[in-house]
Amino acid sequence: MRRVSMRSLKRYLKAIWDLLRLEHGLMYGFGVVIGIYVSDPFFSDLWKLLLGYLTAVFLQASTFALNDYFDYEVDLVNNRTDRPLVRGDLSRRIALALAIALMPPGFVAAYLISPLAFIFAFAVSVLACLYDYKLKELGFAGNVYIAFTMAAPFLFGSIISSGWITEKTALLASMAFLTGVGREIMKGIEDVEGDALRDVRSLARTMGERKAASIASLFYLTAVSISPIPLFLLPEFLFDLKYAVPVSVTDVLLIYVALRLVGDYERESIRKYRKVTLVAMVLGLVGFFAGAF
């Protein structure tokens, strides 16, 4: 009996983790830390750093729970067994309750940092709710929003440490944004059947999967094209191997995906390529963080 109970508890906790996508929250929090130190390598207020990290984790978890609440029927059609609601491990009511409960702590943490930090966090969260409810159906506009959320942690970090968005952070955010748009267009290809249920106007549905894949490739190549800029224009990164080496690997991975997408945009391939781009983004974060010191 005890063994069964422990197994049930582990399954429940895993379902909560999967619903909230806490691995993404940890990465978003790390993005805030990177934004802080890319903007100001000598930042020393650990209390604000912790608050910034918690803001990202709480708000990200809340919006992912809300996303699964609204996307339940689409995820069923797409057979998204990685989603706990589809597996039956959690109810939609629990997902909605968690979405509502986790947002206020994120706002409180942001408010304790500064008024500007609170305004930024609140605005991003409002957009997140609109996206989960309706913006997603607008297709490319929704892709742009999600890509912005990938860049937002760096901008938020810069606001925490410098009170504004620095050039260094803006470049980092731009690369994250461009890569994020590519990833979201690919997700539209992967989810094209389920998106028909909500009449999501993704590029894959409005222009065809082949053209959508080509556009995603273009965004990846654009991200690669701006990655050398810090090496030549920002004094802190001038010919810095700590930045150049990991970012070069990032570029190679993104170029690989961009070239493969032109002729291979099957569902299974898209899933694999999205994982490759996630690795590329993590390496890019490492490069910017290392180059800041």
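Glycine residues also receive a Cβ, built from the backbone N, Cα and C atoms like all the rest.
Taken from Swiss-Prot, the feature transmembrane segment covers 26-46, 50-70, 107-127, 140-160, 215-235, 237-257, 273-293.
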Completion exercise
Counting only residues at least 6 beyond its ends, the same-chain positions whose CB falls under 8 A of a CB in the transmembrane segment (50-70) are 19-22, 24-26, 28-33, 36, 83-85, 92, 95-96, 98-103, 105-107, 109-110, 112-113, 117, 121, 124-125, 128-129, 131-133, 136, 153, 156-157, 160
Problem - Contact yes or no, the transmembrane segment (140-160) and the transmembrane segment (26-46), 3+ Cβ pairs under 8 Å, gap 6+ - result: yes
Practice task
Find the member of 107-127, 215-235, 237-257, 273-293 that has more C-beta pairs under 8 Å to the transmembrane segment (26-46) than any other listed stretch.
Solution key: 273-293
